[in-house]
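Enquirer: Feature list, courtesy of TrEMBL:
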type: DOMAIN; residues: 12-89; note: domain 'ATP-dependent RecD2 DNA helicase OB-fold'
type: DOMAIN; residues: 154-244; note: domain 'ATP-dependent RecD2 DNA helicase-like helix-hairpin-helix'
type: BINDING; residues: GLY362, THR363, GLY364, LYS365, THR366; note: ATP binding site
type: DOMAIN; residues: 586-656; note: domain 'ATP-dependent RecD2 DNA helicase SH3'
type: DOMAIN; residues: 673-720; note: domain 'UvrD-like helicase C-terminal'
Amino acid sequence: MENVKAIERNSFIKGELVHTIFENEAEHFSIAKIKILDTNEAFEESEMVIKGYFTRLDPSEIYLFYGSVIEHKKFGKQYQVDHYQRFVPDTKDGLVAYLSSDLFYGIGKKTAEKIVDYLGETAVSKILNDSSVLDKVPGLTKDRAAQLKQGLKEHQGFEHVVVHLSKYGFGLKMAQKIYQAYKQDAIEILHKNPYQYVFDIEGFGFLRADEVAKQNDIPLNHPSRIQAGCIYVLHHSLQNGHVFLPIKQHIIEVDQLINGQMYDISFDDISREILELNEQKKVIVVDSNVYLPSLYFAESGFCSQIKRIVEKEQETQVSSAELMKIVGSIEEEESLSYGREQFQAIEKALSSKLMILTGGPGTGKTTVIKGIIKSYGEIHDLSLDQKDYDENKTYPFVLAAPTGRAAKRINESTGLPAVTIHRLLGWNGHESFEKDENNPLSGQLLVIDEFSMVDTWLAYQLFKAIPTDMQVLIVGDEDQLPSVGPGQVLSDLLTSGQVPSVKLEEVYRQKEGSKIIQLAHEIKKNQCTMDSIVKEADFNFIACREQHVVDVVIQIVQKAHEKGVDLKDLQVLAPMYRSHAGIHRINEEIQKVVNPNSKQKREIRTKDMIFRTGDKVIQLVNQPEDGVFNGDIGEITAIFQEDESSEQVEQVIVLFDEKEVAYERKDLNNLMHAYCTSIHKSQGSEFPIVVIPVVPGYRRMLRKNLLYTAITRSKKSLILCGDKQAFIQGVREEDTNKRYSALSDQLIKMLNISKESIETEEEELSPYDFL
Ligand SMILES: Nc1ncnc2c1ncn2[C@@H]1O[C@H](COP(=O)(O)OP(=O)(O)OP(=O)(O)O)[C@@H](O)[C@H]1O
């Protein structure tokens with residue numbers, strides 16, 4: 001432990017609590033008044049307001065606070081605390097008095113003197129870092145040593161861990177997580193086996209553990225190091241969407257990670273540790289595939305849930321003649337006539353426990369969803385009007401989608417209530433859901449839109465909560481990008497052939513003269529050529545050189561802005577963040593034009609961004625406690641300075657639809673400008689006008705499914721700019737990055753239905769064949 005002498009060159013205040021002014025328990029953020037007992041700052045005051053991230057101060061204790069003096073505009077001089085610790089006397093007499101005080105049972109003055117004589121003035125820090133030093137103190141019994149060690153750990157506890165971890169560069173948030181997991185043993189574990197942190201502490205990576213291990217001379221071939229490397233590689237593979245890694249590939253990647261240039265750990269050593277991890281259930285090895293347990297259980301659990309649902313017989317069946325009559329009256333109401341495949345979709349959805357409806361843009365997926373819901377209502381004599389239901393009679397139609405924007409769209413197009421899947425399942429923000437097999441969803445017909453965005457974890461959570469008597473319709477476009485999280489659930493379900501599905505291929509919106517839809521279908525069918533990208537009423541490709549593409553984008557946005565187009569309705573989409581024509585640069589340039597610096601506008605600067613009132617911004621992570629989710633777009637409506645908020649911190653207020661969320665400076669990394677967003681983040685959203693730069697510099701990202709997803713985000717007008725050849729090449733490039741997932745194979749095995757029987761079923765005649 002550092003004492004006052006050791007840190008004299010740094011700013012410190014030694015003091016005791018007068019009273020607490022403000023406390024945010026969840027964040028451990030506090031403002032307090034303290035009495036100054038000693039300091040190396042030139043204070044005249046005898047008391048001082050301190051603020052920072054610390055837990056409740058004990059009024060009977062003396063503390064050492066390290067930090068810096070700041071001048072608050074309204075409240076004057078304050079002390080910003082970086083870290084702190086309980087004060088331990090740093091003279092021999094003081095230390096003896098401390099150790100022999102009532103705090104430590106069984107240690108009298110003589111024993112305390114022996115300890116200080118033997119271990120010196122840094123005795124406390126030595127004992128806390130390695131309690132075995134007490135074993136050598138002459139005349140100290142084992143019991144007394146253990147009691148002292150325990151007492152010291154309890155008394156010094158959290159602060160000691162914070163101070164110690166800060167030496168390795170860990171911040172207070174990480175220290176809190178670590179302390180929660182190991183309490184007083186945190187430092188001993190860190191020194192002896194930092195790799196254990198990789199298993200137990202979320203966000204503690206292998207490379208960090210490696211750094212600590214190096215400083216503590218832990219050998220490179222330590223089994224814990226190899227095991228931590230195995231786990232790290234699996235976690236890392238999630239970023240590429242894999243549900244597991246084949247064992248051979250896993251071993252190769254672990255070898256690259258842990259061996260570097262020195263090849264002294266063999267493949268055998270690595271595979272032995274993988275099997276050891278398998279024994280300890282820290283990974284699961286099945287069919288030569290290595291899984292993280294959560295993904296193994298999600299994948300196989302999801303398959304079991306599908307089996308449970310599809311094997312239950314669909315009870316209500318209507319005859320084709322009856323259905324034709326019902327559908328006929330809906331056609332009249334909607335003033336349209338369903339196409340053959342659309343009717344088949346309605347018929348199959350109504351007669352199946354679970355069905356997948358897939359198809360490209362404008363093929364009538366929403367029109368068919370409406371047809372299915374209305375027919376279901378007719379058959380079961382259920383009103384679609386929410387007013388006809390109350391707490392005793394649950395609304396039977398449940399509509400959900402993976403993002404808030406997608407849920408809003410399905411709500412607008414059907415007129416029925418729709419929520420995000422997370423909301424539907426009652427997510428509490430800590431990876432647990434209210435709804436599950438013991439507390440299932442209520443309702444009779446569940447429709448999940450934009451299912452291509454659902455990853456393996458969420459699919460399992462959702463299906464666990466579906467009661468067996470509920471009918472389920474999954475809707476999605478299989479040609480879009482797969483989920484951000486691991487797996488490719490929609491396409492695996494379709495590939496397995498084990499779940500009834502209908503693919504809509506006829507395009508209806510094209511009939512209204514949409515070039516955007518036509519282009520999307522040409523891309524889908526690999527028929528996109530230079531002729532496909534000639535100018536039309538709703539489409540243009542402005543050719544320009546790569547170095548001018550940002551200027552062209554800016555001109556388009558500026559013109560639209562001058563014409564009064566609401567920037568919420570215009571979205572620039574790009575595939576990469578960091579490049580000459582990357583998202584960050586485009587955002588910076590658009591901000592200069594549409595929301596420039598002005599005296600009337602407040603701003604707040606972070607390390608790499610300036611947020612200004614009026615800025616369009618996007619939320620980057622799920623924040624369910626505030627009701628905002630990854631991908632939600634909003635506008636900065638106000639910026640408050642420290643002295644204007646009750647918490648005495650700067651705040652940025654963002655309006656998302658009708659809900660306001662306050663961000664403190666430390667949370668601003670959850671936000672970025674949204675004039676231009678990534679194509680990945682735009683999944684599930686649609687915008688009236690979409691502008692997409694396409695340049696050779698994006699080459700490694702330009703793939704068919706990415707460009708297809710991008711252009712299908714536009715509803716009314718699509719403007720591409722840049723290099724036509726790069727675009728044509730990109731849409732011809734299939735995404736060859738295979739995602740490892742065994743969902744399809746597992747389903748086939750589990751359901752044990754031959755594909756042939758499904759195919760014959762699909763060939764069955766429908767009444768429309770006779771029309
Ligand atoms: N059978 C039909 N007859 C006439 N018009 C139709 C028919 N089916 C769909 N449409 C029209 O085609 C357009 C696209 O349909 P819809 O919105 O249902 O497709 P979608 O697949 O949901 O499209 P997207 O994925 O782009 O939202 C709508 O204007 C719809 O009214």
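Each residue, glycine too, has its Cβ placed from N, Cα and C.
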Enquirer: Along the domain 'UvrD-like helicase C-terminal' (673-720), what average pLDDT does this model show?
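Expert: Mean pLDDT for the domain 'UvrD-like helicase C-terminal' (673-720): 92.
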Enquirer: Return the residue, from the listed binding-site residues THR363, THR366, with the maximum count of other C-beta atoms within 10 angstroms of its C-beta.
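Expert: Its Cβ has the most other Cβ atoms within 10 Å: THR363.
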Enquirer: With every protein chain in view, what's the tally of Cβ atoms within 10 Å of the Cβ of GLY362 (ATP binding site), excluding that atom itself?
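Expert: Excluding its own Cβ, GLY362 (ATP binding site) sees 23 Cβ atoms within 10 Å.
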Enquirer: Quick one: give me the count of other CB atoms within 10 A of the CB of GLY364 (ATP binding site).
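Expert: Other Cβ atoms within 10 Å of GLY364 (ATP binding site): 22.
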Enquirer: Give the number of CB atoms, excluding that of LYS365 (ATP binding site) itself, located within 10 Å of its CB.
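Expert: Taking all protein chains shown, LYS365 (ATP binding site) has 21 Cβ neighbours within 10 Å.
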Enquirer: By DSSP, how many residues in the domain 'UvrD-like helicase C-terminal' (673-720) are helix, how many strand, and how many coil?
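Expert: So the domain 'UvrD-like helicase C-terminal' (673-720) is made up of 14 helix, 19 strand, 15 coil.
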Enquirer: When DSSP states are folded down to helix, strand and coil, where does THR366 (ATP binding site) land?
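Expert: The residue in question, THR366 (ATP binding site), is helix (DSSP, three-state).
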Enquirer: For the domain 'ATP-dependent RecD2 DNA helicase OB-fold' (12-89), how many residues does DSSP put in helix, in strand and in coil?
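Expert: Helix, strand, coil within the domain 'ATP-dependent RecD2 DNA helicase OB-fold' (12-89): 0 helix, 52 strand, 26 coil.
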